[in-house]
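The structure appears right after this line, and notes come after that.
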Amino acid sequence: MTNYIFVTGGVVSSLGKGIAAASLAAILEARGLNVTMLKLDPYINVDPGTMSPIQHGEVFVTDDGAETDLDLGHYERFIRTRMTKRNNFTTGRVYEEVIKRERRGDYLGATIQVIPHITNEIKRRIIAGAEGVDVAIVEIGGTVGDIESQPFLEAIRQLGTEVGRDHAMYMHLTLVPYIAVSGEVKTKPTQHSVKELRSIGIQPDILVCRSENALPSNERSKIALFTNVADKAVISLKDANSIYKIPAALKAQGMDELVVQRFGLECPEADLTEWEQVLYAESNPVGEVTIGMVGKYVELPDAYKSVNEALKHAGLKNRLTVNIRYVDSQDIESKGEQILHGLDAILVPGGFGERGIEGKIAAAKYAREQKVPYLGICLGMQVAIIEFARNVAGMESANSSEFDPQTPYPVVGLITEWLDADGSTAQRSEASDLGGTMRLGSQLCHLIPGSKVHDLYGSAEIYERHRHRYEVNNNLRDKLEASGLKVTGLSTDKRLVEVIELGDHPWFVAGQFHPEFNSTPRDGHPLFEGFVKAAGEYYKNNN
């Protein structure tokens with residue numbers, strides 16, 4: 001039977017529930033347990049696919065094509081279980097399903113209510129997502145007290161009762177602020193947060209207290225007394241300069257043992273050797289590089305969370321500290337390419353819309369002409385192709401039909417049909433809805449032997465995740481290749497261009513897919529490793 005750990009948050013948002021939950025999952029996995037994680041988001045959007053990255057951060061894409069919360073990226077970076085569509089759902093998704101069933105007549109004329117119909121659907125989805133594992137860690141988005149979270153909290157209260165105390169635990173994460181003027185930590189916000197949680201019938205079994213510094217034992221005992229939580233179950237989680245230190249910090253306080261004892265699980269001690277190796281590499285770099293991230297959502301780094309992490313992972317593999325300099329592509333348009341001076345490499349990540357596009361094209365041009373290592377991801381590949389078409393292939397005014405429908409050279413256009421990795425044919429048009437209609441999920445890519453990417457991956461066939469509507473226009477592909485563009489990766493049916501390279505450049509690679517979603521701190525990713533290595537070589541040669 002699956003054991004459940006329900007994770008809630010209190011006092012303020014953005015405390016790191018996802019990191020704390022994923023760190024606990026990493027320890028349990030290191031004890032040989034089969035672990036999965038779920039994220040329940042209270043917002044009414046069906047999924048985050050059409051939400052602004054400035055408001056919500058990155059959209060993380062799973063192998064099976066789900067557009068999900070960025071916390072699922074944390075989950076995959078901390079544990080080896082692959083997330084799927086079942087691991088993330090929203091209020092909007094729940095209501096959509098319940099209303100669909102009501103219209104179909106499944107409820108036999110009943111009056112549809114939050115309790116029991118909405119809460120039952122939430123429970124059904126939790127159970128389905130947790131099927132077949134030893135432990136399922138279920139994170140509830142938002143904070144206790146939010147009106148949007150109430151159906152989810154009621155659902156996990158009911159589910160905890162139904163599976164029984166031996167198979168359910170509640171973990172609550174709160175803030176314990178430090179008041180510098182008085183030199184004291186304040187436990188009252190945590191006490192009130194737990195009081196709020198208990199008022200709806202949930203008694204936390206573990207309290208994780210976020211604070212600037214480690215909590216003194218007397219303060220932990222005080223919190224335990226007023227929240228009815230055992231002393232040993234009040235966990236102090238101080239600020240850390242690396243999220244990959246959190247598993248060891250939680251293990252040192254015996255959090256995993258609390259879980260194992262509660263569920264009566266027999267398993268060996270956690271072996272955190274892999275995480276120790278990650279921390280050693282992070283703490284002992286032999287050099288550093290500065291990589292320019294050219295985008296239009298740079299005011300919120302979480303909009304590029306997986307790319308940021310993938311660069312750090314590649315730095316670990318190369319024993320280099322990767323400093324990321326965020327460059328607003330609109331600043332390149334207004335101030336010129338001098339903004340890019342001093343960079344050891346340039347990365348243009350995915351994105352949508354016309355704003356700032358000419359700045360990204362200028363960044364690709366600068367990288368090509370100055371022989372600066374370049375990695376283009378999704379839109380980053382498309383702007384590289386537009387730049388090459390305009391300035392090398394003689395196609396003046398070349399563009400994507402997304403940005404200029406009247407361009408005489410639409411080198412990038414809407415994909416109207418493609419073959420998915422499972423062999424099914426997908427079709428789209430300009431009239432298709434924005435949400436959930438892109439080429440999504442893991443797709444097979446054929447790499448050309450002898451190419452840089454083939455050498456990096458060490459394989460002729462790879463699987464990478466996609467999230468896009470536009471692709472290279474095959475009608476103009478021959479002209480691009482005749483001018484020196486190398487197409488080194490093709491789709492399942494070998495019709496869509498997936499990877500390009502420049503043969504006369506030390507390191508210029510761009511892919512239509514999102515390799516960042518497959519990068520982890522323990523394993524890295526070959527494309528990012530090669531990119532950061534090239535940045536290190538560029539630094540050596542120019543300093």
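Cβ coordinates are placed from backbone N, Cα and C, and glycine is handled just like the others.
When Swiss-Prot records Gly351, Leu379, Gly380, Met381, Gln382, Arg469 as binding L-glutamine, the matching candidate from Glu299, Glu309, Glu402, Glu516 it lists for that site is Glu402. Between Ile147 (CTP binding site) and Thr187 (UTP binding site), the C-alpha separation comes to 24 Å. Least crowded of the recorded positions (Lys186, Lys188, Lys222, His514), judged by neighbouring Cβ atoms within 10 Å of its own Cβ: Lys188.
There are 20 other CB atoms within 10 A of the CB of Thr187 (UTP binding site), with all protein chains counted. When the recorded positions Ile147, Cys378 are compared by the number of other CB atoms within 10 angstroms of each CB, Ile147 has the fewest. Along the region 'Amidoligase domain' (1-265), the predicted structure has mean pLDDT 95.
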